[in-house]
Amino acid sequence: MARGKKQNPFAARKRQKRENGPQRPDRRSEPYEETKRDNVSFIKYYHLQKICPTEEEWTQFLESIRDNLPTTFRVTGFKGEAKALLNIIETQLFTEYVRAVAELHQKPPEQVERPLCLPWYPDGLAYQLQLTRKDIRRSEPLCRLHNFLIVETTAGSISRQEAVSMIPPIVLDVKPTDKVLDMCAAPGSKTAQLIEALHAAPEQHKIPPGFVLANDVDNNRCYMLVHQAKRLNSPCLLVTNHDSSVFPNLLQSNEDGTKAVLKFDKILCDVPCSGDGTLRKNPDIWTKWNLAQAYNLHGIQYRIVRRGAEMLEVGGRLVYSTCSLNPIENEAVLQRILKDADGALELVDAGHLVPGLKYNPGMTDWKLATKEVDTVYTSFDEVPESMRTIIRPAMFPLPAEDMAKINLNKCMRILPHLQDTGGFFVAVIVKRRQLSFEKNDVKDLVEKPAEAAVEEPQLDESGKPIEAKNVPWGPQRKRKRLHGYKEDPYVFFGEEDADYNAIKEFYQLDESLSKRCLLTRCVTEKKKNIYYCSEPIRKLVVNNEHNIKIINTGVKTFVRCENRHTVHPYRLAQEGLQTSNAFMGSSRRIEVHRDDLVLLLNCTDPTKPPSTHELKQATQDRCSELGVGSCILKYVDEQFTLFVVGWRGTSSLRAYVDRDETIHILRLLGADLSKFEVNKYEEAKKAAAAAAEAAAIAATAETNSGAEKEAPAATPMEAEQTPTES
């Protein structure tokens, strides 16, 4: 060590421990140990609760919950090409599936079980594969299936989602006119279903009159939620970040200009839970499960559903769901809110909305126990003083006469062995009248306190901020943020906006497209991205942006694209075309032949777009009528109609879509996809072979270098006798 340099005591201690102590085994080289799917407390507790009516069924339950979960996916139903994609799935994909599974399991194709169409999912748009996620991800024969699922999920055409997770949005029964709140929305698979239901009648509404407000308490998970929901490109979505149990009242504007507290028609409360219904998907829960989780979560679950009930419109519908089997998190929470509501809330049967689904009714009797389930309690009087802060009176079942009034048997308990799924709990509540504890004071919302406003720093004569006296560092130092990042502002277009007028003239926009619903995310004269949201969403943002943290809204519709050949600086965005197409005039439209569209989509080099001379004559004639700039490519098929953003160059035409959307459209057109197919196993083999070859060359070079160094130098006499090459 250099003189005067201070020694690191931690490094010295670590070095000494390594020298003196025994070497730890390198566990990374050992094979991964499968999680032991057993937990004595879990089995004892649920056997005690009699969640299965017979011992035979209990045995089936244990056998099923220890098995891996099959993979399920659903097709996005509101898109026009859904039926065409479903036909491709049922023919081409499932034929490939049978071949791949037969190769994987070394069995004849006729012995392979075909994918199961879930009988209770609307329009037969959901399928279950007898494969686990691990099988699909790590098996070379299933590589093409894996690629299909990834590409179509990214393109927004399908969603990979656990089967039982699809049930709550279905029984919520969302209509295009509904105001919907998803209280605990992340990661967003159920939110995506709600959006699909909202857009289920495109022939009746260009843009649905309703909306989905998706909220989550975790700031990071909110961005995961945005990523999931943005695949559907809906202008009727607003994502917020707030604690659902204390979600604030929101303002809405009435037609007469007055303000009122916003009430929702449909609310989904998919609350945080212990998750023991997901043991088949998350086997690590076996080692962590204990009763303390349910006791700790009961309170927050109750507060969330209570707040949801307060925000529900009279006559509205609320779905309470968990991926837990525990009555403490399910029936105990519901009996508590129904008792507090005193008849204002009613449990209703929703089995008719999921015909073919097998489930057990809700429980009306259950017991509580210690963490290790070694002591059982049937009433609060039996609970010792030391446990009374953990186990509360409201967790015990109500007396029989009170229990009969609330109809807990109308709840749905989905158990793994009934239809080879995960475990889930679902209950549907209808609000019959206003709650006694409901607060609807508009005055508090309209007259915001002065301290809620953002205080601007005071400046001196030279324009520098004046330091505050009460803090030593002055106003320049940022305060610690407890709720994630500060979001960019939402700046809506004004009545006289030069950019809007130019866009309207170039694309011949319909008057029904409200300019007030266009927005940007920065205050600048030169707008980069322009987003569009529905009118109800715009009002929500304008009325409530100071009451709640808004994470995201709007769908990208126009993008600044500077080009010296075009007279208009904004191009269309493929993400927003689903919405903006209905408002576009005919001046920037080109109807193309199938072969033309396949040619344009196969061009992956944006610097070398196809020349218009390579296209059909009709397409060439139409291109000659258009100036340089963005346009809409329209293709009409017997089953569907496609709209794709294009760019008309000076002598070329190209499609402006990303890779996954390109593959999706080419698949619908029946085109060759081999150019885009990537076999990660083949790539890995090539990389390994290249690395081995490079290592061999390096080793040979090192050997030769070593041999030259070791060879003895020639003596003068030897040097004279050595012939030289001419």
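Cβ from N, Cα, C; glycine included.
Annotation comment: TrEMBL describes CYS323 as active site, nucleophile. Cβ contacts within 10 Å of CYS323 (active site, nucleophile), excluding its own Cβ and spanning all protein chains shown: 25.
What TrEMBL lists as S-adenosyl-L-methionine binding site is CYS184, ALA185, ALA186, PRO187, GLY188, SER189, LYS190, ASP216, ASP243, ASP270.
Under the heading compositional bias 'Basic residues', TrEMBL lists 1-17.
For 18-34, the entry in TrEMBL reads compositional bias 'Basic and acidic residues'.
The feature domain 'SAM-dependent MTase RsmB/NOP-type' is assigned by TrEMBL to 61-432.
Positions annotated as region 'Disordered' by TrEMBL: 1-34 (among others).
Annotation source TrEMBL lists region 'Disordered' at 699-726 (among others).
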Practice problem: Summarise the model's confidence over the domain 'SAM-dependent MTase RsmB/NOP-type' (61-432) as a mean pLDDT value. | Solution: 95
Quiz item: Record lists CYS184, ALA185, ALA186, PRO187, GLY188, SER189, LYS190, ASP216, ASP243, ASP270 as binding S-adenosyl-L-methionine; longest Cα-Cα distance in Å?
Solution: 20
Quiz item: Within the chain of ALA186 (S-adenosyl-L-methionine binding site), which residues six or more apart in sequence place their C-beta under 8 angstroms from its C-beta?
Solution: ASP216, ASP218, ARG221, CYS222, MET224, LEU225
Quiz item: How big is the Cα-to-Cα gap, in Å, between CYS184 (S-adenosyl-L-methionine binding site) and CYS323 (active site, nucleophile)?
Solution: 13
Quiz prompt | Cβ neighbour count within 10 Å of LYS190 (S-adenosyl-L-methionine binding site) | solution = 26
Quiz item: Which residues in the same chain, at least 6 apart in sequence, have a Cβ under 8 Å from the Cβ of GLY188 (S-adenosyl-L-methionine binding site)?
Solution: ALA214, MET224, LEU225, VAL226, HIS227, GLN228, ALA229
